[in-house]
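Features reported for this protein in TrEMBL:
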type	residues	note
DISULFID	28-121	disulfide bond
DISULFID	75-127	disulfide bond
DISULFID	76-129	disulfide bond
SIGNAL	1-22	signal peptide
């Protein structure tokens with residue numbers, strides 16, 4: 001009788017640990033002020049989107065790719081898209097207006113901070129990159145590469161609200177403010 005109770009107890013603990021592993025740990029905690037990032041973007045959105053010479057082309061939102069990401073791939077796709085914005089979009093964008101440049105720099109700095117957080121998750125083996133996640137980011141890079149660099153950077157900046165909304169929806173976000 002004691003053996004059955006212990007066995008059931010161990011089985012229950014194993015099920016709980018599997019549930020926690022597959023549901024809680026797949027979402028890494030992003031500690032940043034998303035409201036500040038969203039406000040910064042809203043202040044420059046109209047100016048950025050007015051420069052977009054390809055209004056019928058999209059880079060992020062074409063495929064509904066972000067909506068189809070499986071929970072196990074959220075961390076990896078987030079990490080990859082943060083790197084995409086930091087390494088390509090922000091660097092490729094040439095902004096002549098100092099006020100807009102300050103807002104973009106503020107967003108870029110927040111993205112760098114989020115990258116650091118996700119790097120820690122990856123080091124703790126909580127951020128796995130499966131083939132599906134790699135394919136999604138490859139498609140986004142391909143969309144970007146189909147446009148001239150300046151146009152692609154403007155287009156991607158104009159679609160930043162799509163990415164920010166997706167982060168809000170898919171990550172447990174805490175304010176660092």
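Every residue gets a Cβ built from N, Cα and C, even glycine.
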Fewest other C-beta atoms within 10 angstroms, as judged across 75, 76, 121, 127, 129, which are the disulfide-bonded residues: 129
C-alpha spacing of residue 76 (disulfide bond) relative to residue 127 (disulfide bond), in angstrom: 6
Integer Å distance between the CA atoms belonging to residue 75 (disulfide bond) and residue 121 (disulfide bond): 9
Residue 129 (disulfide bond) and residue 75 (disulfide bond), Cα-Cα, nearest whole angstrom: 8
